[in-house]
C-alpha cells in the first residue's frame, strides 16, 4: 500500500508545483546565471548596436555642424534659440521614447522595434533633404521629431539587448557601443560641414541618408535579443509582476538620486557640443579653417572617453568613475569661456570630448550598478525620461542666456554649475547605495 500512497503524494506535490509556477515570476537575476558571456551572437549584437549608435546618435551629436549652417544660411530668419530647439527635441525623443516601447521589448518584440525604427529614421532623413530654405517647420518635423522618435525607438532597447548577452563586462561593452556615437558624430559632422560648402542642402543630407541606410540594414541583420524570444510567463503572473520594478525603483532613494543626476547633467552637458562651432565663429582669434573641425575633435576624443572609463567602471565601480568624469566635465565648461584662441579651443575640445563622452557612456552602467534588476526595460526607460526632458530644455536655456549680446560666459557658467551639481547628487547616490538604500 505504500507504493500507491507515495504515488498519490508525488502527484499532489507536482500539482502544487504547477500551481506555484503559474503565480511565481522568476526575477531577471535568475537569467544572469545562464548567460553565456558574449559568444558570436553577443558580439554580433554589439557590432549591430554600434552601427545604430554610429548612425542615429552620431547624426544627433553632429547637430552643431548643421546648426551653424542653419543660423548663417538655411534658416537665417530664425533665431539661434529657435534653431536650438530642433536639436533639443531630437535629444528629448532619443531619451524618452524608450519608456514607451519598453513593453514591446520585454515581450521579445525587438525585431519589430529595430526594423520600424530604422524605416522611420531613413524616411525622416529623406524628408529633411526635401526641406526648403526658411521653412522652419519642415526641418523641425523631419529632423527634430521624426529622426528623434526613430532614434528613441532603438537607443535604450539596444543598450538593454546588448547587456543581456553579458554579465561580467557590461560596463565595457556598453562603452564600446557608445563609441559609435562619437565616431558617427565625427564622420557626419566632417562630412556635412564639407558637403554643405560644395553642394546643395538636399544632396548633402541625402548622402548621409544613403550611408545611414546601409548601416541600419547591416545593424538590424546583426542584432539579436537574448534569450531568443520573449520570456514565457503566465499572463496573470506577468500582469502582477510588471508594476513591481517601477514601484521598487521609485521607493529606492539611490535610484531616485541617479535619475535626478541624469536630469541635472543633461541640462548642461550638450551646450558646448552643440554650440562650439558657433562659439568659434564669433571669436576672431580662432582660425576660420579650424572651426569646422572642432565638433569632429570633440566627437573623436569622446571615442576614447567612452571606452577607458567604462573599462575602469568594471573594476572600480561605475558610480565612482562617473563622479570623476562629471566633475571634470563641469570644470572644463567653466574653462570654455577663456578658450578664445586656436590652440586653447583645440585643447578644450579634446578634454571636454573625452570626459563628456565618458559621462554619457557611464549613465546606463551606473543605473544597472544600483540593482541587478535594473537592466529591465522599464527601469532603464524610467531613468531616461528625466534626461530627455532636460535635453529638451537645457540647450535652449543656455542659448537664451547667451542671447543676441553673445554673453558666452553666461552659458558656460550655467553648464559648469549644473555639472558640479550633478557631482553632488552622485556623491549622495554613492553614500546611500553603500548603506543599501
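Here the Cβ of each residue, glycine as well, is placed from N, Cα and C on the backbone.
Heads up, TrEMBL stuff is auto-annotated, nobody curated it.
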Next on the checklist: For the feature transmembrane segment as recorded in TrEMBL, pick the matching range from 17-38, 171-192.
Outcome noted: 171-192
Item to check | transmembrane segment per TrEMBL - which of 204-223, 224-243 | outcome: 204-223
Item to check | Stretch-level contact, the transmembrane segment (344-368) and the transmembrane segment (85-105), CB cutoff 8 A, at least 3 pairs | outcome: no
Next on the checklist: With contact taken as 3 or more Cβ pairs under 8 angstroms (pairs 6 or more apart in sequence), are the transmembrane segment (255-278) and the transmembrane segment (321-338) in contact?
Outcome noted: yes
